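Enquirer: Reproduced below are the annotations present in TrEMBL:
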BINDING   Asn136, Asn137, Gly138, Gly139, Asp140, Gly205, Phe206, Ser207, Phe208, His209, Gly210, Ser211, Asp243  (6S)-NADPHX binding site
BINDING   Asn137, Asp201, Ser246  K(+) binding site
DOMAIN    86-302  domain 'YjeF N-terminal'
Amino acid sequence: MLPLLRKAKRMSCLLSQTLLPCSAANSVCNFKPTHSLIAPPHLLLPRLLGLRPKIEFWGSVRGMATKMDSIQQNPEAISYLNQKEAAEIDEILMGPLGFSVDQLMELAGLSVAAAIAEVYRPSEYSRVLTICGPGNNGGDGLVAARHLYHFGYKPFICYPKRTAKPLYDGLVTQLESLSVPFLSLEDLPKDLSDSFDILVDAMFGFSFHGSPRPPFDDLIQRLVALKINGDTHQKSPAIISIDIPSGWHVEEGDLSGEGIKPDMLVSLTAPKLCAKRFSGSHHFLGGRFVPPSIRNKFNLQLPAYPGTSMCVRIGKPPKIDISSLRENYISPALLEEEVVADPFDQFQKWFDDAMAAGLKEPNAMALSTTGKDGKPSSRIVLLKGFDKDGFVWYTNYEGRKGQQIAENPHAALLFYWDDLNRQVRIEGPVQKVSDEESEQYFHSRPRGSQIGAIVSQQSTVVPGRHVLLVEYKQLEAKYSDGSVIPKPKYWGGYRLKPEMFEFWQGQKSRLHDRLCYIPETVDGKTAWRIERLAP
């Protein structure tokens, strides 16, 4: 069995009756001094009152540093910078270390955009107003707006005091070439919540001191008022601050208690001291490019970044009301007159779409089986071939699914392609493929996978992982001469011959499209009848 991976690192949780995919985002963020974070959303397993279900956890985590969990779970273990230290680090980056202002600004803006995209999907939060100040923080906001445009958002810019330098002129030109609207103060609607879903606070960074002057004092108060009056609106815009909330003291935070209350803070390089007083839901950090020399000089303790990501979430993820989680799908309609008459051809079409979209493991499918006791079991396996004769996968015949198929040779498959808002259900009888097919596929696998199939007595209890590793190394040494590794008799393929297909396309307001293919005999020949099912 293999895990279903999603944009980055993925873990799969197998419940006896329910499959819960646990995903960890894997995005590219950077920062000016840099920031961005991507925190793998954690799925909570609810307690089932009065029930003690059998739960199996199956997962794969690669390249995760051992220090990351302790630091992420304890924000106090992270280093926070005062204003002097932050300025000194910038000077070192742009001096001896050779970074230019535009490089750091590009990394910063990309970090902000990636952090926003991790939490706020464009299908729900498309309209983004970025309020830019005259300094580097404003430049970060301009870069972020450009990336958000390419991420599928609809950015708008309010840039009341433009900086007359080639770097900033170039950023404005880039946005204008994308037809991103620049709004004057007079163009801004009185109530920002009526026109925007996200407000990016890119007015002042850590180098700002004193009291905000016009027009930024009024703009800050308009952001403050949104949170005070937010209960009068159906949905108040999310406020995202870059590095520090504008108007806050870089070290002491919101001195008056009446400043901006952002929903998200994107810290750069390392969080500033004021971030300890941040109480919003999402705190991201970016700055993976910071070299060891700076880490050592300032004794920086920062969380490890997962995999190849430039982003990491600081602290525990926010508590989520599971009942409030929902996605309003936006997809083309799935119409009877537009689908292919043969469901195998329709599946091929959708599978090709999933491949073209660059989805990770589009051949991953949930396989559900039941034994003679009638208790269902689901797990993720990989499709290894399909044609008009059926859908093929390979596994251990003596594992739980093999035992259940022996007792009840019927199963169900489920493909779920999240980024396309599509799923396909297939049901039908199951039988083993020929020994020749299993033999041929077995020897097409990497030698390590062949050895793994011999080592694993699937679903049996083992005293520890070390037992598997010892046997694996023994077999690895035995076949190190390149000799043929014999296929175990208990390992091979199954083929499900479909008796039903259902193609599902997510739509708005839960009015999803569901087209079901049912075989029927017409003039002695088998044909497929297409029926629309209520969502």
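Cβ coordinates come from backbone N, Cα and C, glycine included.
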Enquirer: Do me a favour and check the Cα-Cα span between Asn136 ((6S)-NADPHX binding site) and Asp201 (K(+) binding site); whole Å is fine.
Expert: 13
Enquirer: So which other residues, same chain and not among Asn137, Asp201, Ser246, have a Cβ within 8 Å of the centroid of the Cβ atoms at the K(+) site?
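Expert: So the additional residues around the site are Ile131, Gly133, Gly138, Gly141, Ala202, Met203, Phe204, Gly205, Ser241, Ile242, Asp243, Ile244, Pro245.
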Enquirer: Provide, as an integer number of angstrom, the distance between the C-alpha atoms of Ser246 (K(+) binding site) and Phe208 ((6S)-NADPHX binding site).
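Expert: Rounded to the nearest whole number, the Cα-Cα distance is 9 Å.
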Enquirer: Record lists Asn136, Asn137, Gly138, Gly139, Asp140, Gly205, Phe206, Ser207, Phe208, His209, Gly210, Ser211, Asp243 as binding (6S)-NADPHX; longest Cα-Cα distance in Å?
Expert: 21
Enquirer: Report, in whole Å, the straight Cα-to-Cα distance of Asp201 (K(+) binding site) from Asp140 ((6S)-NADPHX binding site).
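Expert: Cα of Asp140 ((6S)-NADPHX binding site) to Cα of Asp201 (K(+) binding site) measures 10 Å after rounding.
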Enquirer: Rounded to the nearest Å, what's the C-alpha distance separating Gly138 ((6S)-NADPHX binding site) and Asp201 (K(+) binding site)? Just drop the number here, would you?
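Expert: If we compare the Cα positions of Gly138 ((6S)-NADPHX binding site) and Asp201 (K(+) binding site), the gap is 9 Å.
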Enquirer: Ten-angstrom check, please: count other Cβ atoms within 10 Å of the Cβ of Gly138 ((6S)-NADPHX binding site), all chains counted.
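Expert: I count 27 other Cβ atoms within 10 Å of it.
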Enquirer: Which is it, of Phe206, Phe208: the one of these binding-site residues whose Cβ has the most other Cβ atoms within 10 Å?
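Expert: Ranked by Cβ atoms within 10 Å, first place goes to Phe206.
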Enquirer: From the Cα of Asp243 ((6S)-NADPHX binding site) across to the Cα of Asn137 (K(+) binding site), what is the distance in angstrom?
Expert: 8
Enquirer: Mind telling me which of the binding-site residues Asp140, Asp243 has the densest Cβ neighbourhood, counting other Cβ atoms within 10 Å?
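Expert: Of the binding-site residues Asp140, Asp243, the most buried by Cβ count within 10 Å is Asp140.
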Enquirer: How many other Cβ atoms are found within 10 Å of the Cβ atom of Asp201 (K(+) binding site), counting all protein chains shown?
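Expert: Here the count is 27.
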Enquirer: Rounded to the nearest angstrom, how far is the Cα of Asp201 (K(+) binding site) from the Cα of Gly210 ((6S)-NADPHX binding site)?
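Expert: Here the two Cα atoms lie 18 Å apart.
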